[in-house]
Amino acid sequence: MSRQCSGFLVLYIAAVRAFSIIFPLSNFGERLMKPKSGFIVVFSSVIVFSIWSFAYFLQASFKAVPYCYEERASYVPYALVRNDKFEATYLFIDGSISLFICLLYVILAVALVIAIFKISKRKRAFGNDKGSNPSLMIIFMAGTVFLSQFSYAALYLFNYFFLQGYEDQKVFIDLDSLALTLFLVNSAVHAFICFLMSSQYRDTVVGMICVKKIRKEITKPVDNTINSISDSLKT
């Protein structure tokens with residue numbers, strides 16, 4: 001559930017950013033950026049993908065393994081009974097979802113980079129190009145998302161179309177640990193990549209850590225203004 005849910009939320013964030021830059025005056029883009037819209041999307045995606053994951057566990061069953069060891073164990077071990085036909089179809093659909101997410105994410109990333117390039121070109125024409133260019137970060141993130149999502153999708157799509165009914169399927173399916181590792185690495189380093197490659201993310205983190213300091217800097221000019229007004233009233 002968390003794998004597909006996080007992939008969909010990454011796609012949603014990319015879509016919001018691309019839409020807000022390509023159509024900066026659109027009311028729809030402004031509504032998408034409101035916290036209420038984000039909460040609805042996050043909550044809805046969690047519900048939908050929780051139901052999708054629950055569908056897998058509905059057909060799962062466990063059976064006791066009485067002769068697992070040579071000597072009698074103090075407990076009764078259980079093993080998961082796999083429904084190969086259902087599992088192959090389920091993972092095929094799950095892989096198709098990952099393929100859809102990664103391809104659409106790459107399309108949005110390309111559109112976003114093109115839009116940023118056009119904006120930067122306009123700024124250079126007017127002699128105002130002092131802002132940071134996030135194109136490198138967008139390309140890098142698109143590459144990591146594509147690698148992790150596509151490897152997972154390719155694994156189960158190849159298994160569904162070419163290895164059904166063959167003994168090699170059991171060996172090939174063990175490669176899912178590699179695809180899941182790529183997912184974990186991509187998720188783990190995402191925040192660090194954003195922090196290192198984007199000044200906007202760094203400013204946000206600094207603002208979150210140094211809240212008290214920022215509040216003091218904001219209240220200081222206000223206090224000075226109040227003092228100057230009170231001094232002028234006294235005179």
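Glycine too: its Cβ is placed from the backbone N, Cα and C atoms.
Taken from TrEMBL, the feature domain 'G-protein coupled receptors family 1 profile' covers 1-194. According to TrEMBL, the transmembrane segment annotation covers 6-25, 37-57, 97-117, 138-158, 178-198.
If one looks beyond the transmembrane segment (97-117) by at least 6 residues along the same chain, the residues whose Cβ comes under 8 Å of a Cβ in the stretch are 4, 7-8, 10-11, 14-15, 17-18, 21-22, 133-135, 138-139, 141-142, 145-146, 149-150, 152-154, 157. Counting residues 6+ beyond its ends, the transmembrane segment (37-57) has Cβ neighbours under 8 Å at 1-2, 4-5, 8-9, 12, 31, 87, 90, 94 in the same chain. Across the domain 'G-protein coupled receptors family 1 profile' (1-194), mean pLDDT in this model comes to 80.
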